[in-house]
Every structure is written in C-alpha cells, then in structure tokens.
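A quick write-up on the structure given underneath.
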C-alpha cells in the first residue's frame with residue numbers, strides 16, 4: 001500500500017481478520033492458471049474467491065495450487081445457487097473442502113440479470129450465521145436489505161455496482177453511499193465494475209473494499225488491469241479519507257484576485 | 001447395487017470413499033455429499049445404499 005495512505009488509514013478488517021489490500025479478486029473467467037497467478041500477484045490482493053463444482057477427472061492442476069503459490073486466502077462462493085437450501089448446502093460443502101467457515105453467499109433470483117434473490121439470500125444468511133459461518137453476502141444495492149443482512153449477523157455486506165459481468169460501473173451511487181453511511185460492518189462493492197475509475201468511485205463513496213473478477217480476468221491484459229485496479233482502490237480510498245471538496249454550480253477561482261495588476 | 005456419482009450411474013461403489021476414488025485421486029480441497037447432505041471426511045467409510053446420489057466437488061475458478 002502507498003505509504004502516505006497507510007499512515008493515515010485504519011486497518012481493513014472483516015470478522016477480526018485484517019487485510020493489507022482492499023481489493024478482493026474473483027477468479028472466474030481467467031484464461032489459464034498462469035494468467036490468473038499473474039493477475040493475483042499484480043493486484044496485490046490477499047483474498048480470492050473460488051466456486052465449488054463437480055470434480056473434472058480430466059483437469060490438469062487446480063485453482064487451489066495457484067492460490068497456494070500466490071500465498072493468498074480463499075473465499076468460497078455459492079455461485080449458481082437459486083435457493084437458500086442450495087446455497088446453505090454448498091456453503092457446508094465448501095467449509096468441508098477448504099477448511100474455512102468464510103463464504104461469499106450468492107443466491108441468484110433471475111437468470112438474465114443474475115440479480116440476488118433478497119428473500120432467499122436473507123434466509124440463507126440467517127441459517128449460515130446460526131451455523132457459525134462468516135457470511136459475506138452478495139446483495140443488491142438496497143440499503144434496507146443491507147441493514148437486514150447486517151442485523152442477521154453477516155460479517156460484511158457486498159452490494160453490487162451493477163449486474164455480474166456487465167462492467168457497467170456504479171449504477172446507483174446514491175444507494176451505495178447510503179449503505180456505506182449506515183453500515184457498521186464493512187461494505188464491499190461486488191460485481192459490475194468495468195474499469196479502474198469504477199473501482200475508485202466505489203471507494204470514494206465509502207466502500208471498505210472492492211470485489212471484482214471479470215473486469216480483470218477478461219481484460220485484454222489481465223495483469224495490467226489488476227495493477228490498475230490495485231491503484232484505483234488505493235486512490236479511491238485515499239480520496240475518501242482526504243475529504244473531497246463540495247460541488248458548486250459556479251466557478252470559484254483557485255488563484256486569488258488580490259494583487260492583480262491594473263493592465 | 002447402483003449409485004449415482006456426479007450424475008453418472010455406477011456399479012461396485014460401496015462407500016463414500018469409493019465414490020470419491022472413482023472420480024478423482026485428489027484429496028485436498030475435495031468435499032462429498034450424499035443426497036445433498038455433506039459427509040465429513042472422517043465419515044467417508046459410510047456405506048451407501050442403492051440409488052444414493054453422491055456429489056464429489058472441488059474448487060473451480062469462480063466469482
């Protein structure tokens with residue numbers, strides 16, 4: 001992290017675990033394990049997501065090897081689940097497979113938009129919290145739902161910027177800011193980030209971190225975009241802490257008129 | 001006796017451990033479920049019943 005920033009920032013902590021990077025990287029979409037490893041390294045992330053799927057007898061190497069080589073933590077997700085029951089079962093299997101109670105909880109409600117199903121999501125979150133999981137729910141940008149998830153005991157809330165994989169950036173900055181202003185747990189902007197300025201904007205709005213995958217893994221040069229995202233997250237965080245100037249309708253001279261020559 | 005392992009009907013599978021061995025040699029990062037319920041590794045010697053559906057799962061790139 002930038003030294004000026006690190007000297008002024010507080011630690012980024014989820015459920016008592018501190019992270020040096022405010023960027024969480026999803027691994028979906030990488031063309032190869034080599035490309036993924038380069039992107040993880042360039043991003044500076046300390047936590048990456050994986051999905052749980054049937055073993056592929058023909059697979060060569062595992063994404064877990066890449067994660068281990070890179071020395072980063074693993075955050076299993078429940079991607080592809082459409083009901084609370086499916087998601088809860090997937091989380092239990094992930095805990096067994098990876099030995100971690102952490103889960104990125106996804107319960108999708110619509111095949112075209114992949115938007116979260118709020119009713120199933122809250123149901124699954126309540127069950128998993130009761131079972132001792134550290135639950136990080138992928139949620140819509142609804143401040144009320146975010147509060148309900150926090151009240152249910154989630155360790156963070158992860159509102160979307162835009163639908164998964166769209167790269168549309170922050171569609172509702174006002175809602176995202178409302179969530180950030182009221183949440184007592186970390187707010188992690190998850191999904192819909194397209195490029196570096198989107199990640200910076202999410203951080204400027206008050207997010208504690210950004211989670212993204214496609215923007216990096218499907219970029220023409222994933223490692224370069226990963227580095228851009230690393231810098232954008234740091235820049236956005238620094239700008240947030242620095243305190244932006246208020247917006248004005250009319251100009252305000254940055255150069256004083258006093259002492260102006262009579263020409 | 002026939003059980004279904006990762007969607008494929010198989011004969012000669014007596015335990016969860018057999019089902020896992022039928023699809024992968026890996027043990028790290030593997031979890032198994034029988035009829036939707038996770039079976040901890042310590043219980044992989046559990047006998048399967050005819051028609052049981054076993055899922056053997058591992059990490060893949062995602063989200």
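Even glycines carry a Cβ here, placed using N, Cα and C.
What TrEMBL records for A:104 is active site, schiff-base intermediate with DXP. TrEMBL lists A:165, A:191, A:192, A:213, A:214 with the feature 1-deoxy-D-xylulose 5-phosphate binding site. Here TrEMBL flags A:13-255 as domain 'Thiazole synthase ThiG'.
Residue with the densest Cβ environment among the binding-site residues A:191, A:213: A:191, by other Cβ atoms within 10 Å. Just so you know, the Cβ of residue A:214 (1-deoxy-D-xylulose 5-phosphate binding site) picks up 20 other Cβ atoms within 10 Å once every protein chain is counted. Farthest C-alpha pair in the 1-deoxy-D-xylulose 5-phosphate-binding residues A:165, A:191, A:192, A:213, A:214: 9 Å apart. For the recorded site, residue A:191 (1-deoxy-D-xylulose 5-phosphate binding site), the DSSP three-state label reads coil. Counting only the Cα atoms, the space from residue A:191 (1-deoxy-D-xylulose 5-phosphate binding site) to residue A:104 (active site, schiff-base intermediate with DXP) is about 12 angstrom. For the residue listed as 'active site, schiff-base intermediate with DXP', the spatially nearest entry among the binding-site residues A:165, A:192, A:213, A:214 is A:213, judged by CA separation.
Proximity to chain B, taken as a Cβ less than 8 Å from one of its Cβ atoms, holds for A:213 among the binding-site residues A:165, A:213, A:214.
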